[in-house]
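Novice: Would you mind keeping the following structure in view while I ask a few things?
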Amino acid sequence: MPGDMGPPKQGGTRYGSISSPPSPGPQQAPPGGTYLSEKIPIPDTESGAFSLRKLWAFTGPGFLMSIAFLDPGNIESDLQAGAVAGFKLLWVLLWATVLGLLCQRLAARLGVVTGKDLGEVCHLYYPKVPRILLWLTIELAIVGSDMQEVIGTAIAFSLLSAGRIPLWGGVLITIVDTFFFLFLDNYGLRKLEAFFGFLITIMALTFGYEYVVARPAQGALLQGLFLPSCAGCGQPELLQAVGIVGAIIMPHNIYLHSSLVKSREVDRSRRADIREANMYFLIEATIALSVSFLINLFVMAVFGQAFYKQTNQAAFNICANSSLHDYATIFPRNNLTVAVDIYQGGVILGCLFGPAALYIWAVGLLAAGQSSTMTGTYAGQFVMEGFLKLRWSRFARVLLTRSCAILPTVLVAVFRDLRDLSGLNDLLNVLQSLLLPFAVLPILTFTSMPAVMQEFANGLVSKVISSSIMVLVCAVNLYFVISYVPSLPHPDYFSLVALLAAAYLGLTTYLVWTCLITQGATLLAHSSHQRFLYGLPEEDQENGRTSG
């Protein structure tokens, strides 16, 4: 990208763009790359005209990104929201998906315009301590997401085997399937993207089948989708709303998408090509997230219809009088509202609509868990390489992430019961929401910087919308923490929560400060933080890192 965005000499320091020098034609990925080892060429077509051939060439990164909108954590969140609030939170699902699309649009633009992913840009701009803390929070989000994939896959195996495979056995099986995907990765980028497209299709068909047989009330569904209200809602519904946001807009997915778009050959010396790539990636992401929204809608609507205000005794009676009567004992015989999870959800569908519904549910759940496995591996590797400039093999990276995910999960599976495992899934959704500022604030910061994005920097409308998203997320998270802390079981937990809250608020405050600089608060830019106004000092560009 031509042009130095810095001001005249200030104390001997020059500032400018971080974009790597553009070079027409094929761009080779660095040695040791994974997804980026292969570049997809973009066909030449008439300039300015929409082309399906070009759209097909750009198709891939958006659908891989959309898998994070369909992992077992989302499925758990959907069915819990339906069971707890009926159709009342469908509008939260809709707008969370829209906000997710806006965040992913910014991530894709950053990758296309600069040729760098979000982790790499964070490495260049943030000082060492905030940078390391930021990296740790994203790694925590990745491990949390991987735990959800392990839980979902283990429960799917248990359902498909009629309980013959114990939960801990299903957890251990996930070690094997991970390495199967590493093997599949060797067959080429387009084949890998096609395979994940196949898994998304399986989810659409299986959960769509459940929607058809459940026949939700369409009038109430449309009202819940387009009228933003929640009459009679309390803390349980709030927890589900936070869980929906955390499950839909996942922190590591923003880092992932900014790197995935680099797999397409885009001549960044031509601004028309950059503008065109941004357009096609936005169209692809919109299509992909529309599909993911429909799948999530299917699940939430099915359980809003079948489970809302259902009692344990009613669920017991339904199963006791069905061909799956052996499963009836998983529901206590009392009049409390049933607390459904992804295991009980499959069972009650089978009791209501026949065994086929149970097995079809399990297949969809298995596809959700499997499809998320490889994208989590890619996200972990891109984040590690971007923040730390540390290159690990795919095998080593997936071994680290999956080991961190499996150890606590298998302990819960062995020593606790299924309800604890599903409860862990719910808490992981809330964790994703709490960690969301550590992805949204950096992407908003860097896409608002003319020194980084040149003429493609966020305009006023985009800044206002993105900032509103951030304020909303922070407000919901703060309200959740204030509501949750009094329910802690022991006073000793308060000191731990206070310590974590101090670190959380400290890092968030720093990220907000740097973000405000890029939004026009120039008085906050002191010393080395002038880079957030003018770009990276030239000596730091040459060294490829920040000082400190």
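Even glycines carry a Cβ here, placed using N, Cα and C.
So Swiss-Prot lists these for the protein:
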- Asn321: N-linked glycosylation site (CARBOHYD)
- Asn335: N-linked glycosylation site (CARBOHYD)
- 1-38: region 'Disordered' (REGION)
- 1-55: topological domain 'Cytoplasmic' (TOPO_DOM)
- 74-82: topological domain 'Extracellular' (TOPO_DOM)
- 103-139: topological domain 'Cytoplasmic' (TOPO_DOM)
- 185-193: topological domain 'Cytoplasmic' (TOPO_DOM)
- 215-237: topological domain 'Extracellular' (TOPO_DOM)
- 257-284: topological domain 'Cytoplasmic' (TOPO_DOM)
- 305-346: topological domain 'Extracellular' (TOPO_DOM)
- 367-397: topological domain 'Cytoplasmic' (TOPO_DOM)
- 416-426: topological domain 'Extracellular' (TOPO_DOM)
- 448-463: topological domain 'Cytoplasmic' (TOPO_DOM)
- 486-493: topological domain 'Extracellular' (TOPO_DOM)
- 514-548: topological domain 'Cytoplasmic' (TOPO_DOM)
- 56-73: transmembrane segment (TRANSMEM)
- 83-102: transmembrane segment (TRANSMEM)
- 140-160: transmembrane segment (TRANSMEM)
- 165-184: transmembrane segment (TRANSMEM)
- 194-214: transmembrane segment (TRANSMEM)
- 238-256: transmembrane segment (TRANSMEM)
- 285-304: transmembrane segment (TRANSMEM)
- 347-366: transmembrane segment (TRANSMEM)
- 398-415: transmembrane segment (TRANSMEM)
- 427-447: transmembrane segment (TRANSMEM)
- 464-485: transmembrane segment (TRANSMEM)
- 494-513: transmembrane segment (TRANSMEM)
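Distances, neighbours, how buried they are, the whole picture for these features please.
Specialist: When other Cβ atoms within 10 Å of the Cβ of Asn321 (N-linked glycosylation site) are tallied across all protein chains shown, the result is 10.
A C-beta separation below 8 Å, combined with a sequence spacing of at least six in one chain, links Asn335 (N-linked glycosylation site) to Thr311, Asn312, Gln313. DSSP gives Asn335 (N-linked glycosylation site) a coil state; it is part of no helix or strand.
On the 0 to 100 pLDDT scale, the topological domain 'Cytoplasmic' (1-55) averages 58 in the predicted structure.
The helix, strand and coil residue counts that DSSP assigns across the topological domain 'Extracellular' (305-346) are 22 helix, 2 strand, 18 coil.
Long-range contacts of the topological domain 'Cytoplasmic' (367-397) within the same chain: residues 32, 34-35, 64-65, 67-68, 70-72, 74-75, 116-123, 131-132, 134-135, 138-139, 142, 145-146, 148-150, 152-153, 156, 174, 177-179, 181-182, 184-185, 192, 196, 199-200, 202-203, 206, 252-253, 255-256, 259-260, 544-545, each at least 6 residues beyond the stretch ends and with a Cβ under 8 Å from a Cβ of the stretch.
Under 8 Å from some Cβ of the transmembrane segment (56-73) lie the Cβ atoms of residues 40-43, 97, 100, 104, 108, 145, 148-149, 151-153, 155, 189-190, 193, 196-197, 199-200, 203, 247-248, 250, 252-253, 256-257, 260-261, 263-264, 277, 280-281, 284-285, 287-289, 291-293, 295-296, 342, 365, 368-369, 371-372, 375, 378, 425, 428-429, 432, all in the same chain and six or more residues away from its ends.
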Novice: Using a Cβ-Cβ cut-off of under 8 Å, list the residues of the same chain that are 6+ residues beyond the ends of the topological domain 'Extracellular' (305-346) and lie near it.
Specialist: 72, 75-76, 79-80, 82-87, 152, 155, 158-159, 214-217, 352, 354-355, 358, 361-362, 365, 418-419, 422-423, 425
Novice: Apart from its near flanks, which chain residues at least 6 from the ends of the transmembrane segment (427-447) lie with a Cβ under 8 angstroms of it?
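Specialist: Here the qualifying positions are 73, 76-77, 103, 106-107, 109-110, 118, 121-122, 125, 134, 137-138, 140-141, 144-145, 147-148, 239, 242-247, 249-255, 258, 453, 457-458, 462-463, 466-467, 469-470, 473-474, 476-477, 480-481, 504, 507-508, 511-512, 514-515, 518, 532.
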Novice: Flag the pair the transmembrane segment (165-184) / the transmembrane segment (347-366) as in contact if three or more Cβ pairs fall under 8 Å (sequence separation 6 or more).
Specialist: no
Novice: Going along the chain, which residues at least six beyond the ends of the topological domain 'Extracellular' (74-82) come within the CB cut-off of under 8 Å?
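Specialist: Apart from its flanks, the topological domain 'Extracellular' (74-82) reaches 89, 92-93, 148, 152, 240-241, 243-244, 246-248, 296, 299-305, 307-308, 340-342, 345, 364-365, 368, 422, 425-426, 429.
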Novice: Going by DSSP, how much of the topological domain 'Cytoplasmic' (367-397) is helix, how much is strand and how much is coil, in residues?
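Specialist: Helix (H, G, I), strand (E, B), coil: 26 helix, 0 strand, 5 coil.
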Novice: Under 8 Å for C-beta pairs, could you tell me which stretch among 83-102, 194-214, 238-256, 347-366, 398-415 has the largest tally with the transmembrane segment (285-304)?
Specialist: 83-102
